[in-house]
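Data block below; observations after.
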Amino acid sequence: EGRRPAKKQKPPPPGGYPKRPKSRGGDGPEEVDRRQPRPGRERKGKPEDYDLPAPKALEEHMDAMHDWWCEQEDRAESSKLCISWYKHSNIRKAALEKDEKPPPPPREGRPDMSEIEEMHTSWCDVEGNEKTGPCKMWRRRGAEMDL
């Protein structure tokens, strides 16, 4: 009464399961680099927006943008965005020193998207900033959201 029948196992795909690549101890072909765009799949946005600086240089650009934004109107102490940015700067910089992607800030105290949008728009509207990493990333993000 209490036992349920075992689930039926799916048959293997035609041609069998793929073999483990040699780099992982198997005898199959080497893995394809999955980070490369797949053929027939186009990137969205402008090509120049995909030419981002190295992570440490990008962090310097982000620091400059946040310094500029937070110095205005005494935002450093009143803005969730500024408080969060400076509070977590040591964590971001430690990750970059280890060549790791910086983690997002914790959910509590996270700034509103409207303030982030306003900062990027204001910074990127300043002549000469449109080619910086934060502006390229922001435009690329906008292109992906238009999908």
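From the backbone N, Cα and C atoms, a Cβ is placed for every residue, glycine too.
A quick note: this is a predicted structure, and the numbers were derived from the prediction, not measured.
Feature annotation from TrEMBL assigns compositional bias 'Basic residues' to 1-10.
Here TrEMBL flags 1-58 (among others) as region 'Disordered'.
Taken from TrEMBL, the feature compositional bias 'Basic and acidic residues' applies to 24-49 (among others).
Look at TrEMBL and you will find 93-115 (among others) tagged as region 'Disordered'. Among residues of the same chain six or more beyond the region 'Disordered' (93-115), those with a C-beta under 8 A of the stretch's C-beta atoms are 55-56, 59, 79-81, 83-85, 87.
Residues or ranges marked as compositional bias 'Basic and acidic residues' in TrEMBL: 94-115 (among others). Residue counts for the compositional bias 'Basic and acidic residues' (94-115) by DSSP state, with H, G and I taken as helix and E and B as strand, are 7 helix, 0 strand, 15 coil.
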